[in-house]
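Enquirer: Copying in the features that TrEMBL gives for the protein in this structure:
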{"type": "REGION", "residues": "1-45", "note": "region 'Disordered'"}
{"type": "DOMAIN", "residues": "2-159", "note": "domain 'Obg'"}
{"type": "COMPBIAS", "residues": "34-44", "note": "compositional bias 'Gly residues'"}
{"type": "REGION", "residues": "62-82", "note": "region 'Disordered'"}
{"type": "DOMAIN", "residues": "160-343", "note": "domain 'OBG-type G'"}
{"type": "BINDING", "residues": "166-173, 191-195, 212-215, 295-298, 324-326", "note": "GTP binding site"}
{"type": "BINDING", "residues": "S173, T193", "note": "Mg(2+) binding site"}
{"type": "COILED", "residues": "331-358", "note": "coiled coil"}
{"type": "DOMAIN", "residues": "370-455", "note": "domain 'OCT'"}
{"type": "REGION", "residues": "457-520", "note": "region 'Disordered'"}
{"type": "COMPBIAS", "residues": "470-509", "note": "compositional bias 'Basic and acidic residues'"}
Amino acid sequence: MSQFIDRVTVHATAGNGGHGETSVRREKFKPLGGPDGGNGGHGGNIILVADPDVTTLLDYHHQPHRKATNGEPGRGDLQHGKNGENLYMPVPVGTVIKDTDGNILHDMVTAGEEVIIAEGGTGGAGNAALASPKRKAPGFALLGIPGEERSFVLELKTVADIALVGFPSAGKSSLIAAISAARPKIADYPFTTLVPNLGVVDAGGIRFTVADVPGLIPGASEGKGLGLEFLRHVERTHALVHVLDAGTLESDRDPISDYDALEKELSAYAVEPILTEAGEQLIALNERPQLVAINKTDLPDGQAMADMTRAELESRGLRVFEISAVSRKGLDELKYAMAQLVTEAREQLAEAVAAQEDLPQTITIEPARRRRGRPKEFSLTEEERSLKPLFRIRGDKPERWVAQTNFDNDEAVGYLADRLERLGIEKALFEAGARPGDAVVIGDDESGVVFDWEPTMTTGAEHLTGPRGADPRLEGRQRPTREEKRQDYADRKAARAATRAEMEQERRSGLWTDYDSDNE
Ligand SMILES: Nc1nc2c(ncn2[C@@H]2O[C@H](COP(=O)(O)OP(=O)(O)OP(=O)(O)O)[C@@H](O)[C@H]2O)c(=O)[nH]1
Ligand SMILES: [Mg+2]
């Protein structure tokens, strides 16, 4: 059998949003050209798809890094950037998505189901989209947001129609070899089989998969003999075949005591929900449809043991088959009974899927906002940093807006200030007792920005990381006073107003000059 990879770590990088464009329409003999910078395209998502034709996670083992394409930047003449393409990653049905700490995020149980594991960044608005009656010719555009970058563990629990369960050396591997093309290792010592083998069985035109699971021993449900690892693989199957060893030489074992011991382990194993007619349900392993196969009846002692125990097992309502994996005795009858069990299970499953009207659908495993631990609007907390108060603002909106801002452009910073003020942040700062000059951080320490708070003034914004140009903190001179800053702000505001007036003038005279298009 091919290599069995059932756990892999993948690194997903969604596409970045394209930047919006700052541009002004230029047309000969048409004086009133407006802003015509297009929006940036959105970055592509990374999407897992449960694909019934895929059986292993091997591809991701070889290439664990996956990236979706970026959105293109907007251009002049109202040309919007193309969206990045989604990257689809087909995975087997039954793949469990976990975070790198091992927490289960999602379980891909339905064929066709799609899950967004990394969201592409939003494209930035171009200056055309930012125009308003108040701001007729914006000299800035918004930046695209970087795509999400996340690592996941994908884990595949064997999905087979039927699992063979039994003590070590009961003959499970011999049985799967006898009824399918699978060629597992067979040996006379416990735990020969360490990873499940899958075989495809054909019985009267019905094809189904059988998993040969490593041997189970008493205590398996508590982890004995790697029991939990092994039972994990039984979990996804809809039916079981108990393979009972009629030829064991151990005097304290016989098919009945083996059966009881294994049922105890199966019932003690804590299952995860599976899909049934009644929706998702927890069905203990021992409550799933099952058949009993008493193996090794080619041995004289084995046949005698089968004769002695068969009636007792049947009296419990079990369907019992006497077989020999070695001499191939009784295999056809067993195969047809397995096929019948599978057919029933599949019919029930089809009904269950039909009953779930809105499946399959695309879901996002966890809203980005929640996984980054930030509220939808905003929260304000006060922290103490080197005896100076620091106000921290977290929130989906304000953090996104900060990421969209080109801090080299005063008008863009002014726009950010307007947005923050409208959200009520200014007011909240006042109410929290913030005083002019206090530090205000929007976002976390890594990607956030820090301001010296000046009410209705955010032009002093500096990036925490990658300071632009000259960082006043590094300059030897004294920090500007509030008065100076206010003056500076007023100056720039006046300068902007002058530029606008000038533009307006030029527009009217039919003469167009583009201005300040140093945005991307
Ligand atoms: N005589 C006889 N021996 C058998 C039969 N089936 C299996 N055996 C022998 O029993 C031993 C164990 O068989 P396996 O098929 O490896 O048993 P298993 O249940 O897969 O064992 P684990 O993988 O360790 O759980 C081997 O020596 C087989 O040849 C049978 O029908 N008759
Ligand atoms: Mg085996």
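The backbone N, Cα and C atoms fix where each Cβ goes, and this holds for glycine too.
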Enquirer: Cβ under 6 Å from an atom of ligand 2: which of these binding-site residues qualify? The list is G166, S169, V195, S324.
Expert: none
Enquirer: What binding-site residues in S173, T193, V195 place CB under 6 Å from ligand 1?
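Expert: Near the molecule: S173, T193.
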Enquirer: Averaged over the domain 'OBG-type G' (160-343), what pLDDT does the predicted model reach?
Expert: 88
Enquirer: For a quick check of packing: other C-beta atoms within 10 Å of the C-beta of S169 (GTP binding site), how many?
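Expert: The answer is 21.
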Enquirer: List the same-chain residues at least 6 positions away in sequence whose Cβ sits under 8 Å from the Cβ of S324 (GTP binding site), in sequence order, or say none.
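Expert: In sequence order, the residues whose Cβ lies under 8 Å from that of S324 (GTP binding site) (at least 6 apart) are N295, K296, T297, D298, G302, G330.
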Enquirer: Across the region 'Disordered' (62-82), what are the DSSP residue counts per state (helix, strand, coil)?
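Expert: Reading the DSSP string over the region 'Disordered' (62-82) gives 1 helix, 5 strand, 15 coil.
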Enquirer: Provide, as an integer number of angstrom, the distance between the C-alpha atoms of S173 (Mg(2+) binding site) and P214 (GTP binding site).
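Expert: Approximately 9 Å lies between the Cα of S173 (Mg(2+) binding site) and that of P214 (GTP binding site).
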Enquirer: Do me a favour and check the Cα-Cα span between S169 (GTP binding site) and T193 (Mg(2+) binding site); whole Å is fine.
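Expert: Just about 9 Å between their Cα atoms.
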Enquirer: Quick check on the binding-site residues: of S173, T193, whose CB has the lowest count of neighbouring CB atoms inside 10 Å?
Expert: T193
